[in-house]
Amino acid sequence: MSAIIIDGIKIAKKIELNLLKKIEEREKNKKRIPGLAVILIGKNPASEIYVKRKISVCKKVGFISKYWSFPINVDEKDILNLIEKLNNNINIDGILVQLPIPKQINYYKIFSSIRPDKDVDGFHPYNTGSLCQRNPTLRACTPKGIITMLNYTKIKTHGLNAVMVGASNIVGRPMSMELLLAGCTTTVTHRFTKNLRHHIKNADLLVVAIGKPNFLHGDWIKEGAIVIDVGINKLKDGSIVGDVDFKSASLKAAYITPVPGGVGPITVITLLENTLEACEKYHEF
């Protein structure tokens, strides 16, 4: 078996064109253009690349984007003060604090301070809680984007045994809720999980997000499984790989996402979808 590649770049391009049309329509009707505020703390090269991509896509589809960069030793109060100003800015629909953030900054306090209706990353307790209650509001970008990929590929998820490898607040936990909403029987594995291979072997749908290059080999995967690789890891030779060994997994899976070019582009475009949703649903005036 040779897996069908789920091309995240192609799907993201379709969504991008759709967003562009919606913005053109808003302009024709003299409606306000959505605004996204991006906050970067420190000089993490990967984070700087991600921020540039997000701002670039904003420009492509006609969004307004504002960008703030702070040194790594910034006082938490300075970030909270900026967020308060952005919360009260009627031209800003979405606020994004790029992860990771330095240890002296309280993750929970920062994301709790963003107004839920401007939390386009979907990390505010209100938004994560709403997802758990089967009443999703603004949803975490990567998990929501993965569901979008499955829908575009016309994969029917109801009744599938889904295994989420990784239990982070950013991907694993919200993804498990998305999988439940999608009708899957869902298992979440983490660092304390015993016999991980057993769980993976039984997965019809496998989502992997642990940050370990080529960790999961094709031998572990069920024949005909759907494999979604969220990992993005840079090797010593400069090459980028996922958490799944793509070559061996492709021989067993029915569908698989590549790295790069899979989940990454969808995550970025989903951020803009969330920003437009926030504008239309919560901030029209």
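Backbone N, Cα and C define each Cβ position, glycine as well.
According to Swiss-Prot, the protein carries these features:
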BINDING   G166, A167, S168, I232  NADP(+) binding site
Point to revise | I232 (NADP(+) binding site) - helix vs strand vs coil (DSSP) | key: coil
Practice item. Specify the secondary structure state of S168 (NADP(+) binding site) as given by DSSP, simplified to three classes. Key: coil
Check your understanding: If you draw a 10 Å sphere around the Cβ of S168 (NADP(+) binding site), how many other Cβ atoms fall inside it, taking every protein chain shown into account?
Key -> 16
Revision key, fill the gap. Longest inter-residue Cα distance for the NADP(+) binders G166, A167, S168, I232, rounded to the nearest angstrom, is 16
